[in-house]
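Engineer: Okay, handing you the structure first.
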């Protein structure tokens, strides 16, 4: 009888069958462990990520590390900002989230997430779920229908993985040197985040793609196929040249045309600046030694003005040392020797601003918590405190019962004004809360409103919060920062400016900026009241205006508002000037350039009207809107434009370029909810093409022409837009949190040659509203430098892209404020 064999007892060698069984069991166990590890590495950390939402942006390091250290485990510290869906903003009735988590918790989470980064999936543009990094196709299909908690966790995980991966950040800032397939080149990374906070990324490193293939399980073939299609469709310029056209991106991603446009416009931008190639080359050489520093620490400004601090208008030390304030010198700009590099605090309880047009009627009190103006001007219907709102029931002293009636009354008095046709660009001096300019939008007219920062507390700040263009400025000792002969109409409604004194120096400044044939609309008390002081002012003004050859067109009284309006017209020829009995005011010297206005003292003289029919000002511009698209008649083909072409051709090419960029890229490709954008600034406008391309949106654009750039501001006005001269080495004359979007096209690389770039970015932060957008187009080195600075402020990088030493950066400002404080002694009073 055969005996059973017991290996342990008999101490005999096990059979080969038993050995095979054990091997299979061990192998299966290892496979299961491996699958479990892969699954946990992709999903597990998402539970921790929830702790690092918008509510805890304080929990992020303040110091940026230089690129050389990134490969050694150091990383850019950036909060995964999950902004509320902008489509649901409405009146902005929800406060912006608070920040209250510690930095130690954030650091621990970042260390864990960094270990898992390499196993992250490369997103596809074919389905939204794959783009968000899901691993299970069944779960992905749920995500397409709205998703749930798992979707948010995976999305937050991807946000952090992209930002924490040192290799990814290095690639993000490297320019591509060859125009090859993106998957082969491995030098570019494009990041995108839609307005609901969902970030997508396109990693063009082929090695990463190969690693992903090895690690993926159930959806390997699908991911690989869609990744390849995404790369070929959305990135490589050669695809467009070969005639391929695919529409595989999801609703949140920009369509293929927009992504291709991001490349095309960058290439076009390089070519368009060929006339400045030498200057750019010298600048880039000078930048090499300064572009590597990425240690940025921010502090909070401690000033008397607090959340309303304007550096060049709140220089208490300089104002106290003024020898005189007779000419409103204390209301003029007095910039500190070293511009501040600290950040302005937010007012307590700051909320997302109410959207236009509701903002014209009411704003949040907590955003502009000032009541003195309501108390001082409440009886004149300027502004009232209504619960948690500040409301604007009438508009101004001269139109208590509404601005629109007043606006229509002016045109009824002088039909030639023709709002929105002949008259398009208006200057409103002493604007108050700018209701006049705010309601002129209804007549297709844009208004540059100005008022000083004076005892009428925060009047310009009210205007900007309402979504109405305005600047802090005063008629003092220097010229206004505008070219000569650009405004169609100048308006003054009880603006309290002593026009008639000192030879009419202030009124002569209006004469400088007013077009020949333009109107001066004056509705101050001397026009219709008979008090002794008013009668004397009216007499002096009448004599001065007659000597200036202005024609009194109309004097009418509005019975509803109870005010009178006098309208004058500037002459279009020099005949009257030549026939005056005495040359007072005198004619300006031929050497006096009427367009020179940056810190130029006022002169009590008049500039003659242009007699040459080819000169600007000799003819009235085309009626609006034809003037927007047509090159001004005085641009000659013999003139060389900014970009090297004949001036009219340069103008047209610039307009076509920006229409293409805005339509194909900015409107759809950057994840911006334009319904929430109202106040826009082009920090380096050339011909105003960017602003012109935004014409159909409910926005207005402040076109800034830097003082060291070609003087093209008159062209901007000629096409029915407006703007201002400015030196970006100084602060802008506006209140903090004034703009929803800033656009900087090849500005910062030029500025850092003569300015402190850190101070410039601090000014950008001051001017931009929380959740506001910054779009930067510049060389790749400058893009990297700016990105490092804004990341140190915990801003959210929506997209960054670089190719052939040119880059594009789109970021969103956060509500983060530093805990460290810097006291500005010159601003303490």
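Placement of Cβ uses the backbone N, Cα and C atoms for every residue, glycine included.
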Engineer: Which of these ranges is annotated region 'Disordered' in Swiss-Prot: 19-39, 271-291?
Structural biologist: 271-291
Engineer: Using DSSP with the three-state reduction, classify residue 302 (N-linked glycosylation site) as helix, strand or coil.
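Structural biologist: Reduced to three states, the DSSP call for residue 302 (N-linked glycosylation site) is strand.
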Engineer: Which residue among the glycosylation sites 302, 579, 595, 756 has the fewest other Cβ atoms within 10 Å of its Cβ, if you could check?
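Structural biologist: Counting other Cβ atoms within 10 Å of each of the glycosylation sites 302, 579, 595, 756, the minimum falls on 579.
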Engineer: For residue 756 (N-linked glycosylation site) and residue 302 (N-linked glycosylation site), determine the Cα separation and express it in whole Å.
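Structural biologist: If we compare the Cα positions of residue 756 (N-linked glycosylation site) and residue 302 (N-linked glycosylation site), the gap is 20 Å.
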Engineer: At the level of the C-alpha atoms, what whole-angstrom distance separates residue 595 (N-linked glycosylation site) and residue 302 (N-linked glycosylation site)?
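Structural biologist: Counting only the Cα atoms, the answer is 38 Å.
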Engineer: Grab the pLDDT values for the topological domain 'Lumenal' (39-829) and give me their mean, rounded.
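Structural biologist: That region's mean pLDDT is 78.
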Engineer: Cα of residue 302 (N-linked glycosylation site) to Cα of residue 579 (N-linked glycosylation site): how many Å, rounded?
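Structural biologist: Per the Cα atoms, residue 302 (N-linked glycosylation site) and residue 579 (N-linked glycosylation site) stand 59 Å apart.
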